[in-house]
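These features come from Swiss-Prot:
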type	residues	note
TRANSMEM	3-23	transmembrane segment
TOPO_DOM	24-35	topological domain 'Cytoplasmic'
TRANSMEM	36-56	transmembrane segment
TOPO_DOM	57-67	topological domain 'Lumenal'
Amino acid sequence: MGGLVVLLVGLLTALMSVVSYYVSPKGNNTSTWQMSLILTFSCCYLLWAITYLAQLHPLEAPSRVLE
């Protein structure tokens, strides 16, 4: 289920990027708006995915110390 969540959120991010490409304000700096929004969505997705996957598959297993 963990990998599926990452894939679904990635598809949602791609959809939001495509929508932002067409909905961005028109004018002299349209391409700046488009790239800024797409980069924002992709960076937020990467930050979330790396954090989520690091918690899903930790490098060191948690250990319990009994006294």
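Placed from the backbone N, Cα and C atoms, the Cβ positions cover glycine too.
If one looks beyond the topological domain 'Lumenal' (57-67) by at least 6 residues along the same chain, the residues whose Cβ comes under 8 Å of a Cβ in the stretch are 2. Here the topological domain 'Lumenal' (57-67) is broken down by DSSP into helix, strand and coil counts: 0 helix, 0 strand, 11 coil. Under DSSP, the residues of the topological domain 'Cytoplasmic' (24-35) split into helix, strand and coil as follows: 6 helix, 0 strand, 6 coil.
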